[in-house]
Amino acid sequence: MEQGVIERARELRRRIENADHRYYDLADPEITDAQYDQLFRELQELEQKYPELVTADSPSMRVGGAVRKSFVKVRHSIPMLSLANAFDEVEVKNFVDRIFRRMGSSNPLEFSVEPKFDGLAISLRYELGKFVQGVTRGDGDVGEDVSENIRTIRSVPLKLKGNNVPAILEVRGEVYMPRDGFSEFNKRAMARGEKLLANPRNGAAGSLRQLDSRISAQRPLSFFAYGVGLIQVEQDLFEEIPQSIASTHSAMLAQLRAWGFPVSSLVEVVQGSDGLLAYYQRIGEARDGLPFDIDGVVYKLDDLAGQREMGFVSRAPRWALAHKFPAQEQSTTVEAIEIQIGRTGAATPVARLKPVHVAGVIVTNATLHNADQIARLDVRVGDTVIVRRAGDVIPEVAAVVADQRPPATQSWQMPTQCPVCGSEIVREEGQAVWRCSGELTCPAQRKEAFRHFVSRRAMDVDGLGEKFIEVLVDSGVVQGVADLYLLTVDQLLQLRMISTAESPHAFLREAREHLASGAYAQLEATLVGIGVDLAGEREVPQTWQADLLRAGLPTFDWNRKKIATKWAENLIEAIETSRDTTLERFLFALGIEHVGESTAKALSAWFGDLDLIRHLPWPLFKRVPDIGGEVARSLGHFFDQPGNQKAIDHLLARKVRIGDTHPPSPKLRGELRLANLLEDLEIPKVTPIRAAQIATAFGSIDALRNGGPEPLVEAGVPQSVAESLATWLLVPANDTLAVNAQKKLSALLAMMPEAGEEKTGPLDGQTVVITGTLAALTRDAAKQRLEALGAKVAGSVSKKTAFLVAGEEAGSKLDKAQSLGVEIWDEARLLAFLGEHGQQR
């Protein structure tokens, strides 16, 4: 073998080891992941070609090797002892006092402090600077040999740095799984349908105990060193770090770092109990932002001679203490599983728990995230579960203790109705989240419904901001969006006065200016009636504002010199103005899931009438271009809810007027065929070709309903398709849907004008894109005028784009249009074209 090959292999090992050191120990990588992979592959190829190059400390050994049948038990040369625990400040102060009294020192005691890593304790043995063995802590006396798995951890050095390396060195530390590595591993496992890791600690322990080290090599493990065991320097064996190497624990950690071991950057040296407790506080506050899990901090007397003097008791050192954080995981029992409805309608399952202390608080509820998560965990009422809480994160059910499950438990099923409003709970195919379909009426969604309803692109109620919407809803003054049209100036002024008052007394002082004496006395009596002690001897109820509004207020005679009323008058005027609207805006304002402005515009253009749209079976919506099954079903779910229909009735009763009602577009005529309906019903196995075949043979839904599969087969329909259709029609809900859709299709055809009656615009059917800044009009105004001429205004350029309107500072869209040969219009040409066709500014 050539000397150059040997030198190249040596150089590759050196560079890879240095890269590992800079990445894991210094957090300062100097090469990219791709460059690292290239070096690693080159070394592997050399060692495969020349097996005699392979050494025990080669980085290539980290990929794992042969499968073991079992782990060998190994007795520790020096026992791996446990630490005494402290859970409060008194125990920490007692710990310091005991050392102080025993040492008899007049100087402040110094301690080396570090996080208590939540992983698996390990002992690493090096001989002549090379890694030879890794052993788990086990029971402290005997552990298991996991050397092959340890070799796969890139942050564990296989060969030590420096010239003063002991002949034998045992290093104690913690193998852990970083949080981001844990998350990524579980994402990949979920995608492959594999079992998820319960938490990073279990992930680290399970990874090290894999009999196949190739599996360990795929796990994102890392390592921190925090102590030493047996050391041999020259011919002398030491059971602790010798004075010649270090005289303090912190100096020993610095030496370990110099030899190439990763040591936490959070290690510090502090003085006395105040220093210990301040460190505990700092680490506790930083805990949730750390890249790894910890469950406390560890205090060690820094002076090694002092450690020797303090000694041990009951297999624990007197000179060290673990100050534990309150547990972030505990087990408890699921007493019920209920549904919470969020402001956007998302239905989140929540476990009601037997109360348990987790991370310093009593937890009685924990999120289960969604129905899929419940199915993955198989959480059932009565189960014993592991509850996790980290910092301010909402407590969650992390795992089920399956072997403690009581008999006769049942799998949980998502309810079919919203627990708040009774509307149907639905989930679109492929979505994780179930939603309440009572968008307009569900109290849980009320604020979001109002915010959307009054927004600029919906009903455009100018001056009604988010904070005042909260006041309106929280006060109970408005129960549904139609209640906006019942508001008065008096109500708005009273609401603001109450909502901004710091106390009932402050409200009374301000209200006095606007009330006659009799009305003022009535207001005082009302406050007393809702539990407010005007003498100030009892605590004011937190809900006094809402309670007062519900109880009713006397008539105010507003002193306009003392209060501004113009804002309220303007808001009422804006509400009145919004009564006159378009069908497009009204549909968008309803807040139907998946129905944005463009879909609302298409529905308005193609159907033209609210009464028609709100009673249309969902498959017929699919005849509108760009409306697919998901949007169509969402429309159907919305209009199927009695509460939503009642909310629309209330809006119309409050004189909300749609001014652009028109007959359905004649373009629908060619779409309203039985073949299309059969396709749009989404019947399994009924393809467009089969739908056309069935429509030709039978002519109506009624002809298909009662014959079963035989007539279909006789008409040439394949047996499997015939059986699928017949089975589908046997479901009452499907049968009703098909019949209603057929009836509505016929009614639509009857009310539709002939094709020649429809007016078309000069841009009918053309797609236009606008980019850059226009000087004479806004992008929205340009879009509206182009759409009025029949154009579809899109957000991206494609081969189907008819032309691009390019304003100032046009960017990548202009470049793409030019590359595709799309016609380019400047603003002057656009304005001229709009003027020619009656769309002047």
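Even glycines carry a Cβ here, placed using N, Cα and C.
Features reported for this protein in Swiss-Prot:
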- Lys116: active site, N6-AMP-lysine intermediate (ACT_SITE)
- Asp33, Ala34, Gln35, Tyr36, Asp37, Ser82, Leu83, Glu114, Arg137, Glu174, Lys300, Lys324: NAD(+) binding site (BINDING)
- Cys418, Cys421, Cys436, Cys442: Zn(2+) binding site (BINDING)
- 758-841: domain 'BRCT' (DOMAIN)
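Distribution of Swiss-Prot features across the structure.
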{"residue": "Gln35", "record": "NAD(+) binding site", "contacts (Cβ under 8 Å, 6+ apart)": "none"}
{"residue": "Leu83", "record": "NAD(+) binding site", "contacts (Cβ under 8 Å, 6+ apart)": "Val298, Ala316, Pro317, Ala320, Leu321, Ala322"}
{"residue": "Lys116", "record": "active site, N6-AMP-lysine intermediate", "contacts (Cβ under 8 Å, 6+ apart)": "Ile294, Asp295, Gly296, Val297, Val298, Ala322, His323, Lys324"}
{"residue": "Arg137", "record": "NAD(+) binding site", "contacts (Cβ under 8 Å, 6+ apart)": "Met80, Leu120, Ala121, Ile122, Ser123, Gly143"}
{"residue": "Lys300", "record": "NAD(+) binding site", "contacts (Cβ under 8 Å, 6+ apart)": "Phe111, Ser112, Val113, Glu114, His249, Gln307, Trp319, Ala320"}
{"residue": "Cys418", "record": "Zn(2+) binding site", "contacts (Cβ under 8 Å, 6+ apart)": "Ile339, Ile341, Ala347, Glu424, Ile425, Cys436, Ser437, Gly438, Cys442, Ala444"}
{"residue": "Cys421", "record": "Zn(2+) binding site", "contacts (Cβ under 8 Å, 6+ apart)": "Cys436, Gly438, Thr441, Cys442, Pro443, Ala444, Gly643"}
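Excluding Cys418, Cys421, Cys436, Cys442 themselves, the residues of that chain whose CB lies within 8 A of the CB mean position for the Zn(2+) site are, in sequence, Ile341, Gly345, Pro419, Val420, Gly422, Ser423, Ile425, Ser437, Gly438, Thr441, Pro443, Ala444, Gln445, Gly643.
Listed binding-site residues: Cys436, Cys442; maximum Cβ neighbour count within 10 Å falls on Cys436. In the domain 'BRCT' (758-841), helix, strand and coil residues by DSSP number 29 helix, 19 strand, 36 coil. Following the DSSP three-state reduction, the secondary structure of Cys442 (Zn(2+) binding site) is coil.
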